[in-house]
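K.L.:
Input: one structure, supplied below.
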Amino acid sequence: MDVRQSIHSEHAKTLDTQALRREFLIENIFVADEYTMFYSHIDRIIVGGIMPVSHSVEIGGEVGKQLGVSRLLDRRELGVINIGGAGAIIVDGQRHDIGHRDALYIGKGAKELVFVSNEASRPAKFYYNCAPAHTAYPTKKVSPADVAPVTLGDNLTSNRRTINKYFVPDVLETCQLSMGLTELAPGNLWNTMPCHTHERRMEVYLYFNMEEDSCVFHMMGQPQETRHIVMRNEQAVISPSWSIHSGVGTKAYTFIWGMVGENQVFDDMDHVAVQDLR
């Protein structure tokens, strides 16, 4: 488990490129036949990836020992979105088939967590966010057909994008975890611009669906102290509550957003005008 400490905004603005990357960038999300796990002190979120190739991957009691409990979900909830080939997640003996861009919410108290791919040549890539939970909600699969997409932006401002809200109160109940997937239209480069912060939630982005010769300049920092981190395909970045979180790519891309904090009101954000950025 890779543990990332929280960091004050006054400290963050003094960091150079390598230090910023060390604090906020998560580079190796998917590793064949393993699960990865990155624990942030910011709202105690855990993010990572699971990519079964030659055999199934189980998250067992060994993780619980690192969290001071018996198993991962003794006091947590889990959200998973598959960005790879078809696969399945077995939760306490019940198999849930999870295709490309399908998602599964797993409530507090689940014990057995086994992840499998249907084909080794095209393995599933299960990206997950895991957050503290105070009560148990039912495990539920969410497919793209279950989500009402919202298209925002304009080709003229190069920010036309479609937002798919997978885990939000209108779709299912969770304790605090919200997740979704935003896809930029071809030829569009900007996400979340004009940008915002949200004092009551932190956020993690996973950038993917990127070509090898492309990158995203992820904008972060306080609105008057902006910095950037260069992102490659299938890398994630941690965004504290005090930080903007926006990006511009050399080509179109897709990203998964995950939020935890004290509320789940999607529009509870503090907008920042472009002319106020520094």
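Cβ coordinates are placed from backbone N, Cα and C, and glycine is handled just like the others.
What Swiss-Prot records for His196, His198, Glu203, His245 is Zn(2+) binding site.
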K.L.:
I need the least crowded one of these binding-site residues (His198, His245), counting other C-beta atoms within 10 angstroms of each C-beta.
P.N.:
His198
K.L.:
Where does His196 (Zn(2+) binding site) sit in DSSP terms: helix, strand, or coil?
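P.N.:
His196 (Zn(2+) binding site) sits in a strand per DSSP.
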K.L.:
In the structure shown, which of the binding-site residues His196, Glu203 has the fewest other Cβ atoms within 10 Å?
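P.N.:
Taking His196, Glu203 as the binding-site residues, the minimal 10 Å Cβ count falls on His196.
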K.L.:
Determine which residues of this chain, when His196, His198, Glu203, His245 are set aside, have a Cβ within 8 Å of the centroid of the Zn(2+) site's Cβ atoms, and list them as they appear in the sequence.
P.N.:
Thr192, Cys195, Thr197, Arg201, Ser239, Ser241, Ser243, Ile244, Met259, Met269
